[in-house]
Amino acid sequence: MAAADSSADALRSRLRHRDAVADLGQRALESSDLDGTLADAAAVVTETLEIDACSVLELYPDGDAAVLRAGVGWERGAVGSTTVATDPESWAGAPLESPEPIVMAGGGRDGGAEIAPLADAECPRRLGVAIGDPAEPWGVLVGHATAAREFGDHEIDFLADTAALLESAVENERELAESNRTLQRLYAITADDERTFDETVDDLLALGRERLGLEGGFLARIDEAADRFEVTHASGGTDGLRPGTVSSLSNAYCERTIESEDLLAFTDSPLEHGIGEDAYEEWELESYLGGRVIVDGDTYGTLCFEDESARSRPFTPAERSFVELATQWVSDELERRAYRRDLAESEHRYRTLVEHFPNGMVALFDGELEYTLAGGEILEEIDLSVSEFVGQTVRERYEGETRETFETNFQAALEGDHRSFEFSLHGREWTAHAVPIEDEGGEVFAGMVMVQDVTEAKAKQRQLRERESRLERFKEYTDDVIDAIDDVFYVLDETGDLTRWNETLTEVTGYTDAEVASMHSLEFFGDEDATDIAAAIEEAFETGRTRAEATVRTKDGTEIPYEFVASALENPDGEPVVTGIGRDVTDQREYQRTLEGLVDDLEESNRRLEQFAYAASHDLQEPLRMVSSYLTLVERRYGDELDADGEEFIEFAVDGAIRMQEMIDGLLRYSRVDTQGDPFRTVDVDAVVADVLADLEVRIDETDAEIAVESLPRVDGDPGQLRQLFQNLLDNAITYSGDGTPRISVFAEKDETRWMVSVRDRGIGIEPGDTDRIFQVFDRLHSHEEYDGTGIGLALCQRIVERHDGEITVESEPGEGTTFSVALPTAPETDAESATEPETDADANGPTDE
């Protein structure tokens, strides 16, 4: 029965001890006052062990003595001032020598306190235990019994548990003190405005190494997309982790860091904490504590501390808190730097906008619709200073409808809307844009309005609308004009598609406008003609113009011959197009066939006329020769019997016969110009005139004529006819030179693609009304008594020139002289070096004149 009671007492004692320790621990957790915890512990030990006194001693740094930090049974004032020796033989020193609690018997006074009631003689039993790591204890917990007694195992365990609890409280106190000191230094570093960002980060890393007891620390920039890891700042640590170090993110501890929600922390065995084998082999870091740096919600990089050696104890919450604070500061500072940079850029842009806002102004307004800032070029123009503008509200600044307009739109901007509006003020027209200004949280705190003077722009817009209206009316007019054209009008783009056409096209082809719009221009032709039209379109774009004939195929299959002419130009958009006209040539082709028939008839008539002229001249020459012969015979046989009148009559008859012969010869040459001429070739006019002068040498000598010949060109023509032409012109110039010495000049001038060869004399001239008559056959301006001639020479010249597709003109002043100018085609360049000498024409030697 006694044994059972003893066991129950022991159990109750243990439970009481356990509850006492638990209660003490709870109070320690709820209090940050170490001295209070120590005092509570001394009281709990005294009460629980039912002893007389308790001492809590803290060792001095040298370990030779300890100071009383808390106690029960000591005299007032002893706590904090009583020093106890800690030599191994003393009750304060003996527990330091044992890893376990020890029971000490009373005895000697060496090293003991001399303060009653704790003298050795008065404390026959003591129970003591070291507080903290036996290698580096913080102090000693000793219970004093003034009566001899034994301490059971559960009492010894209780004291050990209490010491352990005090060790934790002391460590927490140490950690808190160290944390406070570190935080103060952290604050001092980060709050120093004199430090640059780089200097602050370097000092922060050095502080972290010291606080955590690790070799190195670094800040790294990370680019996940590029799998890139770059060290930007470093302190201590391995040689591989220096500013500028670049590595693959997938091969770095930081990849695991940015994947972690919280800090990545381990003091040994990195592989067990998710570090890859490749990363471990490259960096060989055993201890690591790091976190993500977040800037504007995105991962910027990591802030980490590391060591190649394992750490003996885990990272404490205070140490983790330090890294979290350091990481947060770097994140915030990088955001602030980015914000300040953006803000500076924004302010610079805004100032630039305000100061240089073209043709207007910019202003800020607050929630009361009061202008807080303004600027712009237009203020000076309307004689308004910034000082009188800023500080005024919309209600104070404007009146009537203008005020209402501003209030409505400004208020809308303050509610987050973007508004644009127009108003009239100061005799001008304005356009305004009111927008909200938001803070970092997206809250609207003010508004901005941008105003521009659009008076001139509005005037130009009105002018433009008027011009567009006129252009539209003009287009309608041109459409009506184009539609009124009987021919087909069209415009083609570079692909050959029709972009514009008139009603004639739809009327002719039978297609509707919609059908035409869907068709390519070549679809209106057969295959062969389509090829020719495509080539013509290409030619128009390349050379600027083209002409083509093709048969248009209508919707019902009817084929109509058309002639197309087109030119290239640019449309209003600057794009090349081809525009032109297509004309129905059905009537023209019929007319052409009729004309060709008439030409054939005319040529046949000319052949018959030539045959008639030849036959007539031949038949007339025989009677003339008979008349001439018989007159000559009469004169010879009866000459002696004739009186003067008879001889004169015979002379008149012979002269008339001769003139008749010359007229018949001239008429014959006139009729043969087109049919008996030689093929054209390059003719040297210099050589032709030289031959003519040789033929006229006798007349030139007889009249003492002075003929000046300039350099003459090569032309394309009939050599014999050109010789006849210039012989007639020079002979006439000599004949009609008047009473003076003939002075004649021959010269040439280039006129585009022709040569104008002129023969000028200083003779009797021609009356202005007679210049057309001189080219008529047998039409003479003078009698035979005045000047010899047949009246066919200049008519022959005109016909020769017409055969050469040229023209002959005359300029004359009576009594001043006459100039005949002949337009002749230029000789082809390829033939210029092989000019043909003029051939002698049997018909080129007859005398001719006007």
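Each Cβ is built from the backbone N, Cα and C atoms, and glycine gets one as well.
Listed in TrEMBL for this protein:
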- 404-466: domain 'PAC' (DOMAIN)
- 474-544: domain 'PAS' (DOMAIN)
- 546-597: domain 'PAC' (DOMAIN)
- 615-828: domain 'Histidine kinase' (DOMAIN)
- 811-850: region 'Disordered' (REGION)
- 830-850: compositional bias 'Acidic residues' (COMPBIAS)
Practice problem: Calculate the per-residue pLDDT averaged over the domain 'PAC' (546-597) and state the result as an integer. | Solution: 89
Quiz prompt | For the domain 'PAC' (546-597), the number of residues DSSP places in helix, strand and coil | solution = 12 helix, 29 strand, 11 coil
Quiz item: With DSSP helix as H/G/I and strand as E/B, how many residues of the domain 'PAC' (404-466) fall in helix, strand and coil?
Solution: 23 helix, 28 strand, 12 coil
Quiz item: By DSSP, what is the split of the domain 'PAS' (474-544) into helix, strand and coil residues?
Solution: 44 helix, 12 strand, 15 coil
